[in-house]
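Participant: Feature annotation from TrEMBL assigns active site to His435, Ser437, His577, Ser579. As annotated by TrEMBL, domain 'ZU5' applies to 313-445, 446-587. Under the heading domain 'Death', TrEMBL lists 779-864.
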Amino acid sequence: MQKMAELLGLRDECGEGTLGAPALAGSCLADNRLNLDVYPDGCHRFLQLFKEQQGEVIQVEFLRLSSNDSLLDSTLGSLPHLRHLKSLVLKGGLARDEFGSYQHGSLTSLPPDFGNLRCLTHLDLSFNRLSILPSCILHLSSLRVLLVSHNSLVTLPEDFGCLSKLTFFSAMKNQLKDLPQSIGELSMLQDLDLSENALEVLPEEVGNLHNCTELDLSGNRLLSIPDSLANLKSLRRLHLHSNLLVTVPASLASLPNLSRLDLQNNCLRAIPAEIQILPFVHVRGNPLGETEPPLQADKSSTKRLKRLFLASGEGSFTVTSEGCRVVLSCGIHFYFPPGAASDPLRILFRSLTPDPQWVKLRHHDVLLSRVLELQPHGVQFHQEVQIWMPYISPQTPHQHEVVVRTFSGQSWSDLKTRVKQKRKSKCVAHCGVLHFSWFLVVSRLVQNECKVPAEGTLLFSSVDPNIKVIFPPGVTKEPRSVKLQVLPVSAEEIQEITAHAECRASPLLYLSQDSTVDFLKPVRIQLPLPPGVTGLNLDRSRLHILHGDLEGQTWNDITSEVVLEFTHLYAVFEVTHFSWYWLWYTTKTYIGGIAKKVYERLRLYQVNFIALQRKRDPEQVLLQCVPKHKVDPVLKKLQDRYRGPEPSDMVEMFEGEQFFAAFERGISIDTDRPDCVDGRLSFIFYSHLKNMKEIYVTSPVDRKGQAVKGQVSFYRGVVPDSIPEDASRRRKGPDSLWLATLPIKLPQLKPRWDENPGPLYGFSFPPLNLGNAETGYLTQANLLSIARRVGSDWQSIGLNLGLTYQQIERIGYNNREDLNKQILDMLFSWAQQNSEDPDCVSKLITAMKESGRQDIADEIEAIIELGRQKYSESIRRLGLEQESSTEDSAIAM
């Protein structure tokens with residue numbers, strides 16, 4: 001062993017002898033394992049060992065070599081002599097080119113006598129240049145695990161089914177166009193991964209894989225799947241997303257063990273009812289119930305239209321003059337018709353958290369989506385680009401409508417929008433645009449509009465047809481556009497807010513126009529009388545016409561300034577300028593103040609705060625602000641994983657209002673979080689978006705002897721500009737900012753890795769900076785914070801990060817008595833291997849989402865967003881952004 005260590009060059013840093021020769025030699029050739037893929041000259045070392053220590057080498061059972069090694073071809077001839085070999089890894093991807101991309105290995109074939117390795121059960125040939133599967137592999141009678149992912153295979157041998165003991169086969173990321181019928185003879189196969197190939201059809205014999213538990217066919221070109229898949233009674237997970245499926249057999253619903261069926265991002269316009277009712281079916285990204293968007297090209301060109309499916313973390317795609325369809329991982333669809341872009345154009349996109357300082361909602365608007373930014377801004381398309389944006393159904397009354405709103409750089413405007421309800425709570429807003437900027441989905445008061453010509457016209461409300469606006473002839477010289485919106489107010493709401501049974505009011509009427517000039521003649525307005533009031537029992541002294549300013553801050557009684565006419569059901573009056581109008585019937589004298597109070601309350605939402613702790617990890621706390629009517633459903637959904645106190649008392653908040661959460665009495669949080677301001681977590685309340693954050697809390701108090709009984713308090717933040725003046729005044733001062741307080745209890749402290757630091761926590765690693773300056777970094781401290789939250793999900797996260805089952809098992813075994821070290825080993829090992837990968841952060845976010853840890857994914861995205869902001873600010877300070885914008889403008893011209 002001493003000599004072998006010397007041959008491998010394993011010497012200490014001082015160059016004096018071997019560095020723990022028995023231990024290190026054992027790490028390279030121990031338990032009949034030889035791991036040489038970590039050395040740049042691993043094949044040279046193997047050949048040297050084989051020459052000088054052949055007696056020991058031929059006993060090796062586990063061998064790892066890099067196929068990026070220049071001496072690989074010379075090494076292959078020696079491998080058939082290792083008759084005891086059970087596991088062989090000849091994997092590429094361990095080297096990078098000058099651009100930083102992973103290089104595939106040089107392996108294109110295997111020697112014919114390779115098939116003599118009759119003990120071989122595990123073979124990994126991933127990341128190589130195989131165009132055909134070497135025939136000698138079919139003679140490996142003991143083979144159970146075969147990985148040939150990331151190669152260039154176009155087909156598999158016809159007698160591939162002779163590998164009768166195969167239990168795991170992965171051919172992901174190849175160019176397979178079909179499968180041999182003999183694949184059905186793999187009776188012991190349990191996991192089959194054929195994702196990201198070019199399969200257009202599957203043989204019926206796939207249905208003979210009776211022991212198969214997971215089948216991944218995602219990212220292919222399948223138009224249909226055979227009914228025989230219903231015979232796979234052991235199947236638990238079936239991945240069919242990102243294909244071209246137009247139908248799926250209803251018989252899939254009969255699979256007894258199926259727990260996940262992924263049909264996302266296909267062409268399904270209908271799904272069998274038997275499948276729709278299954279709780280584990282995922283269908284996002286399908287045009288269910290939609291008709292094809294209108295095309296200028298003929299049907300033949302439509303069939304050839306390119307389809308792009310973008311994974312989470314991708315931020316751009318390219319459009320050519322041929323057009324394409326694009327589906328983002330978040331469910332947003334684009335349709336670029338042929339000819340929309342004359343030259344290839346790179347489209348950048350990102351999803352932004354709505355900022356109330358920038359996203360200015362109008363009164364009674366409800367935000368239904370995040371902000372979608374599409375670049376390049378201002379580029380004019382030759383034909384309309386169609387956009388489908390998913391949102392959660394607001395379930396608002398009939399006086400509201402859903403529209404897509406876009407930002408021009410100066411102001412927001414509403415686009416002509418069509419809405420399609422896909423499921424009970426899932427809807428899609430569809431619009432067409434000729435240029436890109438920022439887009440979001442809102443629910444607004446139903447808007448009726450018309451063009452008023454010089455000869456006059458009539459405009460009435462579709463919400464309440466009894467509300468009419470009559471424009472007489474000569475009312476204007478030039479045509480102008482007029483908009484009308486109505487907000488009905490029930491008698492119960494008026495009585496509850498005013499605490500006066502005699503107060504009644506008509507619906508609220510809002511009128512606007514595109515001209516700053518008053519009308520030349522009075523415009524007649526007809527409003528229905530308040531409930532319970534008719535022209536027969538009307539007491540004119542109690543009827544008031546109120547005029548409100550644009551912000552609803554001031555309501556003036558203009559009854560004495562207009563001529564009122566009455567019918568049995570209506571009041572009619574004339575005005576020359578537009579704004580809010582409201583008809584009240586009351587004995588109160590200062591009606592303007594009462595109307596202002598009622599109008600303010602109509603814009604408020606009643607909410608409760610919840611603070612729950614994860615059952616398996618009480619230091620993980622979920623905070624959420626929930627509208628009052630949603631509290632019970634939300635708690636029911638979370639009760640299996642969380643526990644905590646009853647929700648807070650009801651408070652009232654405006655749409656887009658800021659609030660903070662502060663941990664107190666011995667509990668604290670990481671103040672380096674990007675959403676942490678002066679030690680408090682910042683939130684923005686939007687009634688139909690998730691006002692939720694899941695964070696990790698700690699306590700500086702010594703918890704070794706006893707638990708810590710702390711609390712979290714919620715406080716109001718910056719008052720939005722649109723809040724009424726009186727409400728703003730009431731929210732000033734320390735006492736008025738407090739909203740609610742809920743208890744948080746941290747149990748007695750258990751030993752953590754930072755109290756008993758192992759070699760990983762001592763950080764023999766060099767400093768880490770994952771990502772880049774433009775997109776934001778993840779530092780070593782960030783990774784430590786993330787590691788503390790991972791818990792028992794570390795294995796699932798590791799697999800989704802690309803670690804092999806063998807690596808996961810090795811990490812678990814090496815740290816088998818310490819969960820914290822297992823987590824750190826997995827996370828930092830991956831980080832070191834991928835630190836130069838520009839997409840490593842997006843891969844980490846995707847892995848967290850795929851592992852069911854949306855909370856950690858959200859935190860990483862928040863850290864990265866802060867990094868982007870800091871980068872943009874630094875560029876702006878240096879004056880580079882303006883120069884760049886000037887150059888872009890020059891190019892566009």
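FYI, residue positions are counted from 1 along the chain as it appears here.
Placement of Cβ uses the backbone N, Cα and C atoms for every residue, glycine included.
All annotation found in TrEMBL is predicted automatically rather than curated by experts.
Show me how these features fit into the structure around them.
Facilitator: Long-range Cβ contacts of His435 (active site) within its own chain (separation 6+, distance under 8 Å): His377, Gly378, Val379, Gln380, Phe381.
Under 8 Å, Cβ to Cβ, and six or more positions away along its own chain, Ser437 (active site) finds Glu373, Leu374, His377, Gly378, Thr406, Phe407, Ser408, Gly409.
Around His577 (active site), a 10 Å sphere centred on its CB holds 12 further CB atoms from the protein chains shown.
A 10 Å cutoff on Cβ-Cβ distances gives Ser579 (active site) a total of 15 other Cβ atoms nearby, all chains included.
Mean predicted confidence for the domain 'ZU5' (446-587): the pLDDT average there is 87.
In terms of DSSP helix, strand and coil, the domain 'Death' (779-864) has 69 helix, 1 strand, 16 coil.
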